[in-house]
Amino acid sequence: MGYPEVERREPLPAAAPRERGSQGCGCRGAPARAGEGNSCRLFLGFFGLSLALHLLTLCCYLELRSELRRERGTESRLGGPGAPGTSGTLSSPGSLDPVGPITRHLGQPSFQQQPLEPGEDPLPPDSQDRHQMALLNFFFPDEKAYSEEESRRVRRNKRSKSGEGADGPVKNKKKGKKAGPPGPNGPPGPPGPPGPQGPPGIPGIPGIPGTTVMGPPGPPGPPGPQGPPGLQGPSGAADKTGTRENQPAVVHLQGQGSAIQVKNDLSGGVLNDWSRITMNPKVFKLHPRSGELEVLVDGTYFIYSQVEVYYINFTDFASYEVVVDEKPFLQCTRSIETGKTNYNTCYTAGVCLLKARQKIAVKMVHADISINMSKHTTFFGAIRLGEAPAS
């Protein structure tokens with residue numbers, strides 16, 4: 001917005017409507033008419049419109065003046081007091097005179113002013129200027145002192161620049177206004193709304209699977225404090241079973257009187273046709289089908305066995321083994337005597353350290369013999385002597 005826009009604004013039509021309104025309402029002694037009330041309302045409407053136009057003109061003028069002040073300050077900072085732009089802009093006293101455009105248009109009658117009606121007396125120019133200045137001071141009392149000071153400053157500038165040529169102001173006017181310096185940054189705005197949720201990310205690389213190897217055991221902790229002694233329990237009855245357990249446990253098995261051919265009647269050569277004569281069930285357990293004797297308690301055991309054999313098919317000797325978990329522990333071998341009968345017995349015994357769940361059995365070595373399972377000549381047993389010695 002520049003200075004030429006001020007010259008193109010229309011003059012303020014304030015005095016003419018006032019005089020017409022006063023004549024229409026008969027305030028100057030005219031005879032009353034029938035439509036006097038309507039004329040008063042019409043006058044008030046025109047008066048309000050005129051007042052609104054006044055206010056609009058004043059607002060535009062104040063905006064123009066502030067723009068010119070900013071432009072002048074920028075040019076003075078950039079080029080100093082003798083810059084061409086400053087002298088050209090301020091060479092005309094009416095460019096920054098806050099009252100100049102208004103009083104010039106109001107003081108000189110223009111062709112846009114409405115003609116006076118017959119019987120109206122025009123107000124003198126001085127009274128019109130004073131009337132407009134009074135309105136300006138009434139609505140903007142703070143601008144009065146600044147307007148007078150600005151007018152005096154423009155006049156001094158005009159006198160100091162009067163020696164310049166006539167082409168200088170015209171050239172400066174054609175340049176136009178320059179851009180002012182950037183203002184300070186404004187306060188940050190409010191945060192915006194949250195954006196939409198983004199797509200899911202790429203799954204990460206799976207980690208290295210851990211190992212199930214147990215680490216080395218840590219050092220033993222310090223011993224805890226000794227607890228208080230417990231309460232004395234009630235006196236118990238004498239345990240008779242303890243004395244029985246301290247006694248030697250015995251098992252004795254006998255044949256049932258049958259005759260057995262090893263090749264046809266025995267599976268794997270193990271004798272299984274036993275009858276129990278005596279057995280401690282807490283220490284021994286017999287498996288009838290397999291013929292094995294299981295030990296239930298660790299300890300030192302005396303194992304014994306005897307078998308009556310009958311030689312057949314020109315066999316001149318017989319042999320059997322006492323096995324522990326199918327491993328040979330004792331072995332007995334007997335040959336036939338010349339001129340004797342084919343029956344003969346073979347006895348063997350020994351001491352062995354056994355652990356719980358170990359099994360004892362009698363196994364024949366040769367298959368071409370027959371066994372006489374008589375209860376007096378064929379038997380098998382074991383005696384627990386005591387606990388195993390400490391290693």
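Every residue gets a Cβ built from N, Cα and C, even glycine.
The following features are taken from Swiss-Prot:
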- 86-96: compositional bias 'Low complexity' (COMPBIAS)
- Cys332-Cys346: disulfide bond (DISULFID)
- Asn313: N-linked glycosylation site (CARBOHYD)
- Asn372: N-linked glycosylation site (CARBOHYD)
- 1-28: region 'Disordered' (REGION)
- 72-129: region 'Disordered' (REGION)
- 146-244: region 'Disordered' (REGION)
- 1-41: topological domain 'Cytoplasmic' (TOPO_DOM)
- 63-391: topological domain 'Extracellular' (TOPO_DOM)
- 42-62: transmembrane segment (TRANSMEM)
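On a Cα basis, Asn372 (N-linked glycosylation site) lies 12 Å away from Cys346 (disulfide bond). When the disulfide-bonded residues Cys332, Cys346 are compared by the number of other CB atoms within 10 angstroms of each CB, Cys346 has the fewest. Put simply, Cys332 (disulfide bond) is 16 Å from Asn372 (N-linked glycosylation site) when counted between their Cα atoms. All protein chains included, Asn372 (N-linked glycosylation site) registers 17 other Cβ atoms within 10 Å of its own Cβ.
Mean predicted confidence for the topological domain 'Cytoplasmic' (1-41): the pLDDT average there is 51.
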